[in-house]
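Below you'll find the structure, written out as structure tokens, and then a few comments.
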């Protein structure tokens, strides 16, 4: 494996899930695997869990992680081919990525979308420029359209939790938010849930359809209450408009997930990628109650990253 | 020991002082003690000495320190229970602290006071929310009302310096400043000096009384010159008003400590926690002269932290 | 060697170049050399390559690097002796440098010039205050007037590339830029190229003369085309005015290096310290073509730093 940027296949996902669960109880067993190797973690945007869990995963494998906050400690990067750089950008991605590629054995990169330039975001332009020019293995720490480490942690968590024999019913439900939020987590969760063979229903208000390249194969049910019936896992997430790109179409608080919404889903576990806005996306009663497996998801971020890095190390 | 947030007892203080002095000459002797363990150092405010000394202490014990500048690399935390998070805060302390608790063996946290909400500051609300929700051992890197690692380093320094047989006379003197400064260092120094059995005199202008819960047992002498007579150790520190909370009542330069102030304290050593504003709090002649043991205090910050982390590791 | 702040002698330069080239193929051979030792990397300004390469070099020698972004995580330093600190500066360089000296075995410092106070910049005042007060070995990560780690990497790269028997013809050519850029890289390159015995020609527009203390011994040729004839290595770099200090005298795009400029320098290799502004300083055709050895220079930054740190460790 050279790149970890999206869902590959069920076989690879199963391997990574198994590896992650092994590391969860044997975190230091491969301490020599990455010895003398370096991972560069490059953040173009803020981060808490991703920053910490990726460093921990690397340290668990004996690697040396170095974190660079490009936006704060470095400088503005130029992304366009052929640009005449006589404005605000200080260094071209071509040059920066190539240097970083010569400094590190693996690069891990976070690059959020603009939410204003739809075409560029859909092409995952910034992230792919890093991949193109770095020349070394690259791990996505969330790109414009995907957050695969989060989704892998989500799949690990579902596997840990699900003791049934039938396929679990997984529901991805839109939640209100006051800011325009990227589609990356929703897209990736959809991609991984479907790829891993889960039965997935997506529910959201009218005009919040996700990019169809991700949702193909999922059931779309715009009636939230109907969608939630008999759910085994409910993934709560806001995203901004895709058709009306990057727009907040509604903040209708009726969509905030509460216990009342789950009265016909007695055993449903509730998931969220964090950070969560309490009592806006999800009620305190759910977050602080027994349904929540959100902390478990967050902890699994370490082992998801560790499995991926280990697989890249080979 | 699970928490290091304030003075506990003379017995614990003596143990930590002894341990720190041992590490000062044997810094790497316990390099295996923290092997495979991680400390997360979370800064909600700027830091130089604390940031560096805590990392060094952890490395000396073989731990992996990870520093997170929450204000810059992360995001604004919500502190209030039950808040509807539809404003500027992005993540609730409950969720963030619990995740960090699952990522680290020990958390170390810096959280300055607001100096505007007296009740919340006195309750050390933000710091205590971290403690409450993290579930792991917590070390204070300075909270709203205490700075115990500084005070432990101060006690170590006094012990190193004091060769007398009688109890040393320790004086805490207020100094002028142009900014509203927290009470944490003054409170903690008072708490530790009294707890360690030193004879403590506090001197400050009218209307600069500290919180009586800390000063109980100390002699308050508003005449600075009288207070300084025959002092063995003079701790210089500014703080803002406590009664008139967070206010600068005076910047009277007569209170700036100079050699002249110490003419009746021939052997007095001068202490300060740093950073110090030269020629505002303290004169150059003192800072650059033989009385100053300020650099020694700063160096002892490493061994104070190392003793505390070692004690928590058990 | 205690300080690495400028060119010392050809003998020292040759030793460092040889050591660096050895480490380039044996990066971990001295992993025990710095064991238990710490390097503090202090940035008063942004950095990408220098930040990463210095950390990597230290890790390759088994040292523990700790990075401090003083401007962002710390606070404003006072530099003037005797200052009454009742304004914006929070800590005097005297006190901060002395503390850092007691915390680290080696300090590495980046301190850019003001470009407004010529006298202070020429004296390398800020950098030298750190050196003066820290009491430990200091490595320059670029000061107001020199960038010796860059120049050492440049010399390593020339040595790797040059297979001729005669001395190579090295040309330093000014390039256009929209910002006022420091003289450090140009000064240092001149100092090292001359010191290492290369035949150096400097070319720039009228009114862009560098400080003569650096250029003494170099050929100054204001006709860029004539200067570039038969060049073996062309170092491209912008700098602001020295006589008219810190000013942008011209941005004449005719000075941007393109293939056309090199038609009489068939084998010339092109160098730049990065970050480079594409199509302003240098054309894409050169940067993406075979002449460019810029990535090699950047990679050599690691081994330059490793050689220097190793030499200081002794």
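Cβ atoms here come from the backbone N, Cα and C positions, even for glycine.
According to TrEMBL, the features are:
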DOMAIN    C:14-160  domain 'Aspartate/ornithine carbamoyltransferase carbamoyl-P binding'
BINDING   C:47, C:48, C:49, C:50, C:75, C:110, C:147, C:148, C:149, C:150, C:273, C:274, C:301  carbamoyl phosphate binding site
BINDING   C:142, C:177, C:237, C:277  N(2)-succinyl-L-ornithine binding site
DOMAIN    C:185-310  domain 'Aspartate/ornithine carbamoyltransferase Asp/Orn-binding'
Proximal residue to residue C:177 (N(2)-succinyl-L-ornithine binding site) among binding-site residues C:47, C:149, C:273 (C-alpha distance): C:273
Chain A neighbours, restricted to the binding-site residues C:142, C:237, C:273, C:277, by C-beta under 8 angstroms: C:277
Binding-site residues in contact range of chain B, given that the Cβ distance is under 8 Å, out of C:142, C:149, C:273, C:277: none
List of residues, in chain order, with Cβ under 8 A from that of residue C:47 (carbamoyl phosphate binding site) and at least 6 apart: C:110, C:141
Composition by DSSP (helix, strand, coil) of residues within the domain 'Aspartate/ornithine carbamoyltransferase carbamoyl-P binding' (C:14-160): 67 helix, 24 strand, 56 coil
Top Cα neighbour of residue C:149 (carbamoyl phosphate binding site) in the set of binding-site residues C:142, C:237, C:277: C:142
For residue C:277 (N(2)-succinyl-L-ornithine binding site), the three-state class that DSSP assigns: coil
Candidate binding-site residues C:142, C:237, C:277, pick with smallest Cα gap to residue C:301 (carbamoyl phosphate binding site): C:142
DSSP helix/strand/coil residue counts for the domain 'Aspartate/ornithine carbamoyltransferase Asp/Orn-binding' (C:185-310): 48 helix, 19 strand, 59 coil
Least Cβ-crowded entry, counting other Cβ within 10 Å, from the binding-site residues listed as C:147, C:177, C:277, C:301: C:177
Conformational class of residue C:177 (N(2)-succinyl-L-ornithine binding site) under the three-state DSSP mapping: coil
When distances run from the Cα of residue C:237 (N(2)-succinyl-L-ornithine binding site) to each of the binding-site residues C:49, C:75, C:147, C:273, the nearest one: C:273
Nonlocal neighbours by CB distance (under 8 Å) for residue C:75 (carbamoyl phosphate binding site), same chain, sequence gap 6 or more: C:90, C:91
Overall pLDDT of the domain 'Aspartate/ornithine carbamoyltransferase Asp/Orn-binding' (C:185-310), taken as the mean: 98
Cβ neighbours of residue C:142 (N(2)-succinyl-L-ornithine binding site) where a neighbour is any other Cβ within 10 Å: 26
Inter-residue Cα distance where the pair is residue C:142 (N(2)-succinyl-L-ornithine binding site) and residue C:273 (carbamoyl phosphate binding site), in Å: 12
